[in-house]
Amino acid sequence: MKAIAVRRGEGTPAIVEKPRPDPAAGEALVRTLRVGVDGTDHEVISGSHGGYPEGEDHIVLGHEAVGVVVDPNGTGLSEGDVVVPTVRRRPNGSNDYFARGEPDMAPDGFYHERGIDGAHGFMAEYFTSSAEHLVRCPPEIAELGFLVEPASITEKAIEHARASRSAFEWSPESAFVLGNGSLGLLTVAMLQESFDRLYCLGRRDRPDPTIDIIEELGATYVDSRHTPVDEVPEAYEPMDFVYEATGYAKHAFETIKALAPNGVGALLGVPNDWTFELDGGALHRELVLHNKALVGSVNSNVRHFERAVESVAALPEWFTDDLVTGVYGLDEFERAFDDDDTTIKTAVEFGSR
Ligand SMILES: NC(=O)c1ccc[n+]([C@@H]2O[C@H](COP(=O)([O-])OP(=O)(O)OC[C@H]3O[C@@H](n4cnc5c(N)ncnc54)[C@H](OP(=O)(O)O)[C@@H]3O)[C@@H](O)[C@H]2O)c1
């Protein structure tokens, strides 16, 4: 079967031939439909994030997949089920995080991430997965199933942000999404129902397709070149919830000032090392005196995937049409890895349902 992988030292994805996998006990065999591409894939390709499976000279890419069960292999799944795989797997034997169904909370060394770190991903014509890591998806949204994994990232971040505010009556009205990449735009769409006023940060000139989407969703576009994140309260309003998806490290700290009293910021970006100056005293004081919180959030578990399936099913059709700028077959898979200003979200298509 064909798979898309990156070989050690090569820095570009390529098609490789691999044997079709046989499901082990407890695993199902899945025929892949589509696999999405995101910023993490680009980081894996460039070698700045993740790592190869032990003893292998390549890693099969892809962690945002949807497929159809072709061999349930005695698991509770049925042939024809449309499924979305979660990303984290046990490295060796079980550990408490996986036993509790919370692999997303496991520290380094207690997990592999398929397609990212230590385990092959799903960009192949077939993949196997233990059934406990496969989440059923309604067939009607099979073509959009590759959006479930990124949506699950947001479900987890919202859950953790809300949990940090659960000790008191918190009625947020304003939300500010930092970043107009695919994760940021998906999050604006997911937050639309829960917040009265939505804002989204970018750094682009009009005309731009992401600004069009932001405004079509009823959100206000904020340009960080004109309004730095920490000046947003004066220019617009203080924010009850900030969702950072730029990976721009200063935003993590500027978020503290952007928040309203009792607000919470969820940090999702994964920046490189960067040393810069900031007034730590002022930020520390701001967090304390106004009961603010910052929550870091990575990965997601089955519960978040289940909620994400519902969120993806509820996305307006015009939005997914505009968000997904390209779905490419294996004959032109390289185009799915383009990363210019007209590309928002892409996927590689391995087959149809
Ligand atoms: N925590 C997790 O589990 C998790 C999961 C998935 C992704 N992530 C991280 O989340 C972040 C977003 O993911 P993504 O796939 O949406 O990445 P992306 O496509 O690279 O999007 C990032 C967006 O932020 C914008 N941006 C960056 N710096 C900015 C600034 N100073 N002012 C305004 N806008 C700025 C970029 O604008 P331009 O395009 O104009 O440069 C880009 O549109 C990444 O850091 C990714 O690694 C985390």
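Cβ coordinates are placed from backbone N, Cα and C, and glycine is handled just like the others.
Caution: TrEMBL annotation is automatic and unverified by curators.
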Q: Taking TrEMBL at its word that Thr40, Glu113, Asn299 bind substrate, choose the one of Glu149, Glu244, Glu254, Glu349 listed for that site.
A: Glu149
**Q.** Number of other Cβ atoms within 10 Å of the Cβ of Glu113 (substrate binding site) across all protein chains
**A.** 22
Q: Would you mind reading off the Cα separation of Glu149 (substrate binding site) from Val270 (NADP(+) binding site), to the nearest angstrom?
A: 17
Q) Using a Cβ-Cβ cut-off under 8 angstroms and a sequence gap of six or more, which residues of the chain neighbour Asn180 (NADP(+) binding site)? A) Cys200, Leu201, Gly202, Arg204, Thr210, Ile211, Ile214, Tyr221
Q | Candidate binding-site residues Arg203, Val270, Val298, pick with smallest Cα gap to Thr40 (substrate binding site) | A | Val270
